[in-house]
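Note sheet for the following structure.
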Amino acid sequence: MERRGRMGTPPSPSSSASASASSSSSSPLLALLVLLALGPLAAAALEVPLDLPQPPTITVQSPKDYIVDPREIIIQCEAKGKPHPRFSWTRNGTHFDVDQEPKVTMKPNSGSLVVDISGEKAESYEGTYQCTARNDHGTAVSHAIVLRQSRSPLWSKERIDPIVVQEGVSLVLQCRPPAGLPPPSIFWMDNNFQRLPQSSRVSQALNGDLYFSNVQRADSRNDYICYARFRHTQTIQQKQPINVKVLNLDTLNETMADLYNETDLYSDTPANDRQPTFLIPSGPSSSQLVLRGEVLELECIADGLPTPEVSWTKVGGDLPAKRFSILQFQKMLRIDNVSASDAGDYHCTARNALGTAHHAIRVTVRAAPYWIDGPPSNLVLAPRETGVLTCRASGTPKPSIVWSMNGVPMENALDLDPGVRVEDDTIIFSEVQAGSSAVYQCNVTNEYGYLLSNAFVNVLSEPPRVLTQADKVYQVIRNHGVVMDCASFGSPIPKITWFREGGSSTLDGEPYAVHENGSLEVHVAQAEYSGKYTCVARNNLGTVENHVHLQVKDPTRIMKQPEYKVVQRGLAAVFECKVKHDPSLVPTMTWLKDSDELPDDERFLVDSDSLTIVEVTEADQGVYTCVMNTTLDHDSASAELSVVEAEPTPAVVHERPDPPSDLELTDQKETSVQLTWTPGDENNTPIQKFLIQYEDSLHHGGHWHNLTEVPGTRTTAHLKLVLALNHVGLSHPSLPSRTYKTDPAPPDKNPSDVHGYGTRHDNLVISWKPLTGLQANGPMLQYKVMWRLKDVDIDWTSVVVANVSKFVVSGTPTFTPYELRVQALNERGAGPEPAVAHGHSGEDLPVAAPDNIRVVANSTLAEVRWDPVLPKTIRGHLKGFKVYYWRERREHREHNHNLHHVEKQILTFSGNHSRAMLPGLLPSSNYSVNVCVFNGKGVGPSSTTQTFETLESVPGVPSFLTVSDLELDSLTLKWGPPHERNGRLTGYTLTYQPVNSSNELGPAKELSLAPNETSVTLPNLQYGTRYKLYLRAKTAKGAGPAIPQEAITIMDEVAPVAPAFGNVSWVESERGPMFSWDYWGPETNSVVLRGLKEGLTYRVRVVAQGPDGQAPHRSEELVVSVRAMTSRQVDIATQGWFIGLMCAIALLILVLLIICFIQRNKGVKEKEDAHTDPEFQPMKDEDCTFGEYSDSEDHKPLKGSRTPSSGRTVKRGDSDDSLVDYGEGGDGQFNEDGSFIGQYSGKSAGPDAAEGEGPESSEAPSPATTAVTSMNSFV
């Protein structure tokens, strides 16, 4: 038994011949090659499960030419194996002892080196590094990694004199940037950082210089600035601005001539029109060397006036299609992915109205070594098996191949197995022995580069195991295909057989097919195929089985499709879409308008099986599609909506036209007849067209078919029955004409829609659309089916069939193009010569996987690239690629570090691709990826799994931060590392600062902590002080977000401190009692206590809760009484007690007036009785009598009455103030019933008080004061 390292593919005859010619023992080799060709082919190189012994495999390594950012140097080297590999390094060919380098560390369970260059020069670590990974079963070696520091040197300081140039001449502005590593990108901009415009006249060359084919006056400016961007260091440097002045000598006067002598001008010759000459390259010819796979860039920049146009040609051939592009305004020819066929002579031609210039460039193509069929693959052999490792590579010049075993050249290997023989690019293993596992290195070298590949030979005796998930459920739609996996591993390779539950025979043959990788394919699934399937893997060491389940679902179908709608503007349009689907699948209905989402408009109402558009407008016109999706399939249907204007009610009735009459057949011929008719009444709507129908009574009696349409102005056509059409609709059919029978004839057409496809990998189904009975032109209709291989000059193979629409050709090679023809025959002869159609025989699963998988990743995104798959290995129509990727989840154990991958994620890319983007990755995580190609038959084998690691990012917030052990001058913090580390933690940053009693932050202090620390004690703090603390975790990418915390050190028990709470009080507000307090400073806090019951008394205090372990602060207690009734302050004049008081005062005044009036009358009478003199003196005030009394005074207002003298009106709102405002005053008082009357109590202003001064000046005099004043005037 034998196995091969390259998927079991035997060497080509040419390679076998060369090996025989170069070997001294060609006969044994030839015999072995014959044995290999006849023996069973091995499956694709197997991935050995990591729990089995295996030599190391390098999974990640830094690139060969490694230019690093000097701020961070990481040299990657990752490997897998069992036991886990040990790593070592060489630098410049000698052992590199990491333990002796204080600035260099090796990542745990990894070979990657991390160089800390703080305080060091990065140049001291430049050199050639090589990583070695070894375990008990072999040694793997990385390629040589040339480490160089990126450099962005400064532009040398220079003084650039202004350039004065005559209009029309050519000009070159040199950039000459400093030599950086890698070279910088060059671009020209102005002072405003705007790119300078370029054209066919002005353009930038590959060397960065700016070329003018001829200058114009508009080119004068003082800010031609060349910028150099250094990618690795992310820096941009600029050259000193260049000042260019373009002058016209014809307009210079003598003053300008004196100012600018001949040496000042860039050119002092007249600038006339001239034929082209090349500024670059120089001379009539030049040469250029380019390597295979690189980009070839050729440029030709010409001088001339008018501006020349440049064109490109290749001598003796065409420019490579799809790989070339002409850029920089036709001045540069670019060819991507150069191959040997691109070598030769290229001509660039510059033309203007005055002449032509030519330049020839000879291109030589060389090739660094490259793989022909990919690098050697790992080989797993059982004891006493035979296998082959092949290292097939090419290059120009032809490279040399050197084999090594475990990093030692084969000729120097001490423990080389006798059964191992090297034959040029092949190693042959015969009768391998247990314990002879090793890693073999193939080094392919020529003067332009090298390839180094590791491939191990693992000698194992392992019973079979099934890697496919147990009891996995596969779902498929009826009449579709499905592939059920049975991935296995064992040594020797297990043989896979399949059984169905309840059956004893193996499944091999229609409708099943077992692939080489063990998968079982069902080509056309039916409902009865549902059930349990068992795959059995066996070798000479044991047998194992696995069960999977197949569920066949009914397809999703739209039973009632939406229909074409014509709706008047402003009305509603309803589209129905009724669907039938498998009841176990969850459907999702989606509506589209013109293949896009529905407008975000509430006029669009989506129901479970309909779409309603209310108040349609012209913008709603379009094609509406309902799409029904399930997890397995979908179906869709479309209809168009037309919106028309609402038409007014017509004055006349429009109806369908009357049917035509008087049908007459004339001019009867072999295949035609003239039909004449008389149109019916138009019914107020012009006839647009006539529809001609016919009846084929010989083949489809009783069925009328549409034949043709003629304009409404015609009254003649060929054949039979006529209908008229106007805007209203079709008329009723006319009466049929008389029957006319034609004579039989050979068919005048052949079947259409001829297709060729396969239902199996070894057949070709030729199908066509059969002719109708009318198209047969006679009885005994048959078909002559013809086929032959495409592009092969052989005779057609044919067969004659009848009453069918397809024919199956068996025994065809897989997916081979064919030419097809189908010709109609009847008893009168054959139809016309049929057209040639093309088709392919049946597809089969791809046999090859994408090769050369490359991954470039940042912290969250990875780009995967692969080489194209050879078309012949796809064995079918290329449908696309599937990219499987998964994250390797680390599990830490006591003595080892294992990787376990989580469920795979799949991205499918339809069409031919060579790259894919993997989004949503986690930083600093190991991922594995492989790629498969799939065709119409299914998915091919997976590529070699490529493992990569995403870059680090800043970490997440620490998981927790607590405060403990509070002391007078210290406190202890404890924390946990962040859940999202996003890389290797380099430490923590702790920032803390005190907060004083005014809540002002003091100076912040920062403390750096080691990554393995989870607690720290902060000493020398102030006692009884609150501190704000912020903790951040760090990686090499920087610090992450902070977790905040607060803590207060313990009060000094001896020294008195101010209480935490101050000025605790409460007032009653409209919303309830308002509680206010100060805490550690003058800042006031308040809260309204809601929900308290009326008439009750409460004890209230404030508590400040500190961090864990710290005693809370409590304020003094206050007693809060809630009034039984709380009401809003109202106008006092409306209160009952006030009205009663006013009435009593008024009554008292009235009594006093009456008494005074009686006393006055009595005194007058006594005077009259005592004195006869009519003259008398007035009574004095102190005698309680009135002088000069008159009746008119009764009409004067009393002094102090409420009649306003100044026009001021006392408003109701003047007293409608809040309780809180009055509570703050010093003069307000409460009555016994709780009413506030402070506003109405009179206040003496004093003799010196200004009028209107003080709070009382704006208030009206109180009624009580007025009453007292009135009484004083009487006393």
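Sequential numbering from 1, following the chain as shown.
The backbone N, Cα and C atoms fix where each Cβ goes, glycine too.
What TrEMBL says about this protein:
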SIGNAL    1-44  signal peptide
REGION    1-23  region 'Disordered'
COMPBIAS  14-23  compositional bias 'Low complexity'
DOMAIN    56-142  domain 'Ig-like'
DOMAIN    153-243  domain 'Ig-like'
DOMAIN    276-364  domain 'Ig-like'
DOMAIN    369-458  domain 'Ig-like'
DOMAIN    464-551  domain 'Ig-like'
DOMAIN    555-642  domain 'Ig-like'
REGION    647-667  region 'Disordered'
DOMAIN    659-745  domain 'Fibronectin type-III'
REGION    734-754  region 'Disordered'
DOMAIN    750-844  domain 'Fibronectin type-III'
DOMAIN    849-953  domain 'Fibronectin type-III'
DOMAIN    957-1053  domain 'Fibronectin type-III'
TRANSMEM  1137-1158  transmembrane segment
REGION    1166-1275  region 'Disordered'
COMPBIAS  1166-1183  compositional bias 'Basic and acidic residues'
COMPBIAS  1265-1275  compositional bias 'Polar residues'
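Most Cβ pairs within less than 8 Å of the domain 'Fibronectin type-III' (849-953), among stretches 56-142, 153-243, 276-364, 369-458, 555-642, belong to 56-142. Count of Cβ pairs under 8 Å against the domain 'Ig-like' (56-142): among 276-364, 464-551, 957-1053, the largest is for 957-1053. The highest tally of CB pairs under 8 A with the domain 'Ig-like' (464-551), across 276-364, 369-458, 957-1053, is held by 369-458. Averaged across the domain 'Fibronectin type-III' (750-844), the predicted model reaches a pLDDT of 90. Taking H, G and I as helix, E and B as strand and the rest as coil, DSSP gives the domain 'Ig-like' (464-551) the counts 3 helix, 48 strand, 37 coil.
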